[in-house]
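What Swiss-Prot annotates here:
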BINDING   R22, R180, S181, C182, D183, N191, H221, I222, Y223  dUMP binding site
ACT_SITE  C160  active site, nucleophile
BINDING   D183, S282  (6R)-5,10-methylene-5,6,7,8-tetrahydrofolate binding site
Amino acid sequence: MKQYLDLCQRIIDEGVWIENQRTNKRCLTVINADLVYDVRNNQFPIITTRKSFWKAAIAELLGYIRGYDNAADFRALGTKSWDANANENEAWLKNPARKGLDDMGRVYGVQGRHWKTHDGTELDQLGKIVANLSKGIDDRGEILTFHNPGEFNLGCLRPCMHTHTFSLLGDTLYLTSYQRSCDVPLGLNFNQIQVFTLLALMAQITGNKPGLAYHKIVNAHIYEDQIELMRDVQLKRKPYPSPKLEINPDIKSLKDLETWVTLDDFNVTGYQHHDAIKYPFSV
């Protein structure tokens with residue numbers, strides 16, 4: 001929690017005003033932020049200085065794992081996080097590649113599970129990684145990436161957290177996640193939970209122990225209409241201790257995650273938090 005608050009304060013103190021062309025808003029921006037999450041000791045990095053809706057973050061992660069490309073499928077899992085980008089993004093609404101209501105296009109999990117190759121076949125990046133790690137294999141290229149510039153025009157949004165690299169030392173699994181851009185008051189809350197949970201799940205289904213998760217952000221920013229709430233409300237609050245994430249031990253394979261796992265298979269214990277803060281969202 002401290003590293004999150006330190007980053008927010010750093011943006012307030014050192015950030016440079018940048019005009020964002022996509023949203024037509026100004027952002028206070030810093031370059032490079034490194035966060036570390038202790039998955040090994042189950043120090044769940046949920047925000048405590050405001051109420052965090054952790055279930056929506058995990059639901060979104062499950063949708064990525066399953067390769068979903070439709071906001072309705074994400075809603076069925078328990079999150080509305082893709083409704084706006086699928087249905088209110090002006091550029092996407094005009095894009096001939098859009099198939100209709102709730103269509104997201106070839107974003108995130110679609111790339112992770114159905115990457116199109118030069119010969120017209122598909123590559124399941126996540127499936128390959130799980131297969132290797134389950135055998136104790138780390139080829140130094142256990143990389144899951146959603147960043148496919150050749151298909152950016154086929155999706156409603158470029159991936160923000162775009163690449164996850166898994167590393168195996170003995171029977172301990174580590175994760176390094178890379179993010180090109182982060183709306184810190186809103187997006188980082190989701191991203192922290194997802195990085196932590198992704199490592200915990202991957203360790204569990206491959207029979208390894210979770211180690212540390214490293215989260216590297218390039219462009220970290222706070223939008224101009226979020227500054228006052230962050231500076232005068234959230235940063236004035238005292239954080240609570242980190243809670244714990246409980247995952248159903250019966251989840252043992254990628255197929256389990258693809259088929260029967262729901263939000264009921266996750267629980268957060270010991271979560272104390274301050275009141276919710278409604279930050280503006282920029283589409």
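Placed from the backbone N, Cα and C atoms, the Cβ positions cover glycine too.
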Rounded Cα-Cα span from S181 (dUMP binding site) to C160 (active site, nucleophile), Å: 5
Alpha-carbon distance [S282 ((6R)-5,10-methylene-5,6,7,8-tetrahydrofolate binding site); S181 (dUMP binding site)] in Å: 13
Distance from S282 ((6R)-5,10-methylene-5,6,7,8-tetrahydrofolate binding site) back to D183 (dUMP binding site), taken between C-alpha atoms, in Å: 9
Under 8 Å by Cβ from H221 (dUMP binding site), same chain, sequence gap 6 or more: I11, G15, I18, N20, C27, L28, T29, V30, S181, C182, D183, V184
Pairwise Cα distance for R22 (dUMP binding site)/S282 ((6R)-5,10-methylene-5,6,7,8-tetrahydrofolate binding site) [Å, integer]: 9
R22 (dUMP binding site), number of other Cβ atoms within 10 Å: 13
Alpha-carbon distance [S282 ((6R)-5,10-methylene-5,6,7,8-tetrahydrofolate binding site); Y223 (dUMP binding site)] in Å: 8
